[in-house]
Amino acid sequence: TREKAGTTEPPAGPGAATVEENGRSKSITDESSVRSLSSRILRVVSGGGGEKRNNDDTDETRHPSPDEEEEKTNDEVQENEEEEEEEEGEEGTLNLTQTMKLRGYIVLFASSAINFLASWESENVTLSSSAVPSNDEQRRYAMANAGVVGGIAFVAMVAHLDKYTCLKSVWVKLFKPKACFERFLLFFLVVWCAVATWINTSIEGIAGDGNQQYDIYFTTWINGLASIWTLEKHYVYAGHSSLYKFTSSWPHRAPAWIALFVTSFVGFLYVIDLNRNYVDGTKRTPAIRKMYKDVPEWQWAVTSFTFCLSFMVALAFSVVEIFRVSRAGVTSEKVNWENMTEGGLLLFLVALWLLCVAIVTTPGGLGSLVGNAYFFTWASTLVAIETFLWW
């Protein structure tokens with residue numbers, strides 16, 4: 001209208017200008033009214049739908065239908081079942097036959113079988129043999145010990161090899177990584193074998209010094225070491241570090257000092273037991289009793305002093321090395337006086353052990369017979385020499 005008025009009827013005076021301005025303002029007013037009306041309609045349409053949707057959502061959230069509740073419950077149950085199936089699937093994929101633990105159980109079973117047969121025949125010693133026959137108490141305990149260790153090892157071995165019976169899933173749960181059942185079982189075996197080693201291989205035991213029951217002696221020690229080895233492999237299978245890596249991470253010569261502490265401390269206990277109980281342990285062997293009686297007192301004293309000094313010095317240096325302050329990325333170094341002190345003590349221990357092993361393990365010495373005193377004297381000597389060479 002405005003364009004038409006501007007082209008066909010040009011303004012001819014003041015009155016025409018007034019009419020043109022009035023028309024222009026009216027057209028602007030009409031145009032703004034149309035815009036406000038359209039925006040109001042759009043707002044009502046969109047707002048009403050949004051409010052309706054929000055109300056519907058609120059109603060659904062606050063008041064779910066019974067069918068929807070049942071469907072939600074079924075979904076949760078199905079998710080839990082799927083998680084359980086995944087866990088069972090992971091357990092089912094475990095192959096226990098490829099683990100290092102199985103080798104430990106096989107060694108324990110084989111060694112226990114030999115120990116049981118040797119204990120069974122330990123009283124049937126022929127006149128041509130120089131072995132000392134066992135009494136009923138020694139034989140029964142040795143057979144019971146071998147039976148317990150062999151039975152546990154046999155069950156564990158079958159559990160690791162079973163792939164076809166209905167119990168295979170049960171075995172996996174009992175012997176999987178980080179299984180508490182197997183951990184407690186191996187701890188029991190370690191303690192059981194340690195006690196049996198002390199009883200069977202001491203001077204009053206069935207395989208004590210001079211009894212020459214070699215099968216029982218060595219298989220008893222094999223059972224003790226194999227149980228410790230199997231326990232270590234259980235922890236490695238669970239994702240922990242091995243004993244070798246753990247000891248290798250200790251600073252300086254801490255592994256050698258700890259090894260010297262173990263050998264000298266155990267040897268010291270066996271020498272004290274030998275000195276106190278050789279009279280009762282050699283009742284049926286007068287020749288062995290006479291040999292121990294002829295050992296001079298100074299030899300008992302020197303041997304006990306060497307063992308005692310070794311494990312005390314080793315314990316002191318082990319504690320110092322383990323609790324030494326260390327920082328990541330910084331190499332720990334000893335001061336000169338500490339190095340000289342350690343080297344001087346090692347040299348003194350090596351000289352003492354060489355003198356001791358030359359006296360104790362020769363004929364007529366307290367460790368001349370095959371037994372714990374003989375082996376631990378040599379073991380402590382070799383570890384002391386190795387530690388000195390490391391220094």
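Positions of Cβ are set from backbone N, Cα and C atoms, glycine also.
Marked as region 'Disordered' by TrEMBL: 1-95.
According to TrEMBL, the compositional bias 'Basic and acidic residues' annotation covers 21-33 (among others).
Under the heading compositional bias 'Low complexity', TrEMBL lists 34-45.
Annotation source TrEMBL lists compositional bias 'Basic and acidic residues' at 50-66 (among others).
The compositional bias 'Acidic residues' annotation in TrEMBL covers 67-91.
Remote same-chain partners of the transmembrane segment (102-120), defined as residues 6 or more beyond its termini with a Cβ less than 8 Å from a stretch Cβ, comprise 96, 134, 139, 142-143, 145-147, 149-150, 152-154, 156-157, 160-161, 189, 206, 213, 215-216, 219-220, 222-223, 226-227, 229-230, 233. According to TrEMBL, the transmembrane segment annotation covers 102-120 (among others).
The feature transmembrane segment is assigned by TrEMBL to 140-159 (among others). Outside the transmembrane segment (140-159) by six or more residues, the chain places 96, 101-102, 105-106, 108-109, 112-113, 115-116, 119-120, 122, 134, 171, 174-175, 182, 185, 189, 192-193, 196, 199-200, 206, 216, 219-220, 223, 227 with a CB less than 8 A from a CB of the stretch.
Taken from TrEMBL, the feature transmembrane segment applies to 180-199 (among others).
Marked as transmembrane segment by TrEMBL: 256-279 (among others). Listed by sequence, the residues of this chain that lie at least six past the ends of the transmembrane segment (256-279) yet keep a Cβ under 8 A from its Cβ atoms are 202-204, 209, 247, 250, 288-289, 292, 300, 303-304, 307-308, 310-311, 314-315, 317-318, 321, 366, 372-373, 376-377, 379-380, 383-384, 386-387, 390.
Residues annotated as transmembrane segment in TrEMBL: 300-323 (among others).
Residues of the same chain lying 6 or more positions beyond the ends of the transmembrane segment (343-361) and with a Cβ under 8 Å from any Cβ of it are 299, 302-303, 306, 309-310, 313, 367-368, 373-374, 377-378, 380-381, 384-385, 387-388, 391. Annotated transmembrane segment per TrEMBL: 343-361 (among others), in sequence order.
Among residues of the same chain six or more beyond the transmembrane segment (180-199), those with a C-beta under 8 A of the stretch's C-beta atoms are 101, 108, 141, 145, 148-149, 152, 156, 174, 205, 220-221, 223-224, 227-228, 230-231, 234.
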